[in-house]
Amino acid sequence: MSSTQTTSFFSLSIFFIFIALFLYHFHFQSQPSSPDASQTLPPNSTHHGTPSRRNYIVRFRHYKTAAHHRSYLESNLRSRGWHWIHRHNPAAKFPTDFALVSVEDSVKDGFSREIQALPLVKDVHVDMSYTRGLLHKDRTHKGKAGSFVDGKKRPGKIFTSMSFSEEPYRDGDDAPPHCSFTRNSSVKLGRQLFMQKSQVTSMFGAEDLWAKGYTGAKVKMAIFDTGIRADHPHFRNIKERTNWTNEDTLNDNLGHGTFVAGVIAGVDAECLGFAPDTEIYAFRVFTDAQVSYTSWFLDAFNYAIATNMDVLNLSIGGPDYLDLPFVEKIWEITANNVIMVSAIGNDGPLYGTLNNPADQSDVIGVGGIDYSDHIASFSSRGMSTWELPHGYGRVKPDIVAYGRDIMGSKISKGCKSLSGTSVASPVVAGVVCLLVSIIPESDRKDILNPASMKQALVEGAAKLSGPNMFEQGAGRVDLLESYGILKSYKPRASIFPNILDYTDCPYTWPFCRQPLYAGSMPVIFNATILNGMGVIGYVEGPPTWHPSDEVGNLLSIHFTHSEIIWPWTGYLALHMQIKEEGAQFSGIIEGNVTLKVSSPPAQGENPRTSICVLQLKLKVVPTPPRSRRILWDQFHSIKYPPGYIPRDSLDVRNDILDWHDLEDEYFPEEIEKLRDDVMYTGLGLAIFAEWYNVDTMVKMRFFDDNTRSWWTPVTGGSNIPALNDLLAPFGIAFGDKILNGDFSLLGEQSRYASGTNIVRFPRGGHVHSFPFLDSSESGATQNVLLNSDTKPNSPILGFTEMGQGRVAVYGDSNCLDSSHMVTNCYWLLKKMLDFTSTDTRDPVLFSHSVKLDTSLYEDDNQLPSRRTDVNFSTYSVVVGKDLICRSDTRFEVWGTKGYSLQVRGRTKKLPGYPLIDLGRGLNSSLDTSTRSNRIFNTRNKVDSFGNTYLGLFYGDELDAPKLVGINWLVPAVVAASGFLLLCFWRIRQKRRRRRKGSGSGRLSTLL
């Protein structure tokens, strides 16, 4: 080897090592070691040798520059251990209404006391994280996978399945699509070639508007997603790309943001978008690991307001409507005349699974249908649930659009087919962009707003024949009908829905299955007021009921409504009852409800007023005998958020949070009233219970890296101590076993799934027992000692008379819950109701062999006890509250539409608890020993194509994301390459020296 070659080889090796060190240094320079340097610091972090800390959003009462807010805090806070976090993003040049600070846990209490006293500070919240997963068919697991896998919490904020599927399942498939995070292993997205793909634009007649010259021109469309490539060939008008994450790229490395943009504004002939000339503003708010934080959204939202976006699409969401900074910023976005379109969620077919922010009345919430106009089984169902603590839910989604097998753009080029409400949302967003462009630019802000656009969409929608209103809303979006409405639109107010026909089944289900009658509980319906006249409006005087004939006077309607309508929307609740004089009436009542709305005039205008009309059509029947009437208890429910309420069946490992369940305590007055009604007036009582075991609940806790706290169940599958208090006057009580097994009764094969046992029951009652395994902590030990053939009998079903009434109890309610039902027990429910209501006794259920000669009894100190380590008053409408009839005893609604009223909102002071609980999270004791760096957690999960380093190796990205190592992988590879070259050079050098030495020896011998 020549000297020149040797030098060149050595230089190349040194060059490789230098490049590796440069890349490594560059990467960590972009992630500063000091928490007050950049927002790229992990929001909740712990470094070895440094105190554990968390990031908090400090909201101010006014918009000021970031420098002004920082100066204000530094001048007024004496506490040490907190640091200002710079947010280097495009919003930094505009005034802001919040700060992001990092606070050491050791000084959190002192910091919270100080900051509460500052007059310009509105409130403080943990910087919440959002994690979105790819929705795809899971070939190995049945059921949905969400925030939990095999009972273990995934990193990130608790979320619901929200995205898309490249292999959409059909209604006849074995299982629905599942939500899964990408992890530090390869992801294989199922692919399927679909022949003769339909253009979704042609399904809505977009060509007709294109022919008229309407193509979305001069409409500013904000797409909050995973980014987009600047040179993508499918888009002719990408105006701006902004990055709000802690990753140094503007590109889309997942394909979601590109696909959404393609549905809205793509120009490729194979996958056309609705509004090809729309101006695209791509907001990259999710990392390659599909993680985002509230603070990123707040900055991005502020920038969207400052840059006057017209339309905003948000194909994400989750169940947590208590992230107050996020929700209130949504209101501010729409109040600034930005039309927001959002996916309703992929948690169908269960009801009450709407995602936030699509569940908000000022947001256009979109559900999904297939090309046969059937509701997609993945599409979330209404009603909205965030109002339930205070009243009744609303009709949602607002509209539905095609969300199966929709064609859109790939990351680099070409088209693909996806499914999900994340796909249906941009379909409607594209329709909205097209509709905005039909209004002359000079008139848009006077005519178009979130309310007027929603009016055009819901009034023009085509109602589908099969689904009910909580599945389809107003129906399938109809572009041409909405176009006709907007072309002649004059600002006005309206009510949605504007027709309430309780004879129209199945559309008004469940109301159409329950006729009104005198003496019943009020039937409540909560409608939405849409005010297209202005962002703020007022209800002028009380609503009025106008019956169409004399019969209509038998209807009594009590109204509750928004006094102030903001932003753009309010509510009108109807509490409907039949008067006593209508006890024998059978027929139809029709009429109209009218409501007058006013809005402040624009400059030079007269005051704007509008009369809203809601058409009513109700079916009335004569009052049935008492034995035919059933009252379901829906007033003692606790749901997520804010508490950890576990599932009824512990076999469900991937969906352990129960969104809606009957877990609350009972007022003493309720217990006394129920006892008297059963004993002295013949009321029948049927109770379905569930498991409750304190040791098991303690074992079920999990550490949430988002709130940096331990979550532990508030109660069990049911609140057995509360039920035992309710049943105590009848001598009945449940135990703390967790029973599982199969049994047969009345010819029905049934599964007892994590049910409880009966430990008290009065003599003379009929009790059925079966041999089950006890899977509770104490029961598991006993099971080891027992032979599998000698499982003890456990009482689970009981019937007894009590005074003039009758009581039936059963220890498992999972058989009534369609979400995770193994076998249903509707047959048993009917038998129980037959007994409690009409004293009809099945001979098998009431055979002499199951009649108790002596009472079942267990001492009080052996009954399940309440947890003493959980502040149950945080979640209860009963504990620590007064029973006030005809009043909302849970919270004071102080003008925030029911938000900010539970623990995470930090606005309601609980006895003995501070007003601002900075990130303690829910139900929890803090464990700092298990804290981990948030950024490293997410980086370990995934790092897709398109990162700065991978650009060295790949000129073009594949459409499906590949997963690689963490961010030091590329520098390590480069360094290793340089090291190997250096080693190879040294070996060659040694060989060269040996050859020189042996050559000299041979020469000397010859001489």
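Using the three backbone atoms N, Cα and C, a Cβ is placed for every residue, glycine included.
Caution: TrEMBL annotation is automatic and unverified by curators.
Listed features, source TrEMBL:
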ACT_SITE  ASP225  active site, charge relay system
ACT_SITE  HIS256  active site, charge relay system
ACT_SITE  SER422  active site, charge relay system
DOMAIN    53-127  domain 'Membrane-bound transcription factor site-1 protease-like N-terminal'
DOMAIN    216-472  domain 'Peptidase S8/S53'
DOMAIN    496-623  domain 'MBTPS1 third'
DOMAIN    624-660  domain 'MBTPS1 fourth'
DOMAIN    661-851  domain 'MBTPS1 fourth'
TRANSMEM  7-26  transmembrane segment
TRANSMEM  968-987  transmembrane segment
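The average pLDDT the prediction assigns to the domain 'MBTPS1 fourth' (661-851) is 88. Helix, strand and coil content of the domain 'Membrane-bound transcription factor site-1 protease-like N-terminal' (53-127), in residues and according to DSSP, is 27 helix, 30 strand, 18 coil.
Most Cβ neighbours within 10 Å, among the active-site residues HIS256, SER422: SER422 holds that distinction in the structure as shown. Note: the domain 'MBTPS1 third' (496-623) comprises 11 helix, 67 strand, 50 coil (DSSP; helix = H, G, I, strand = E, B).
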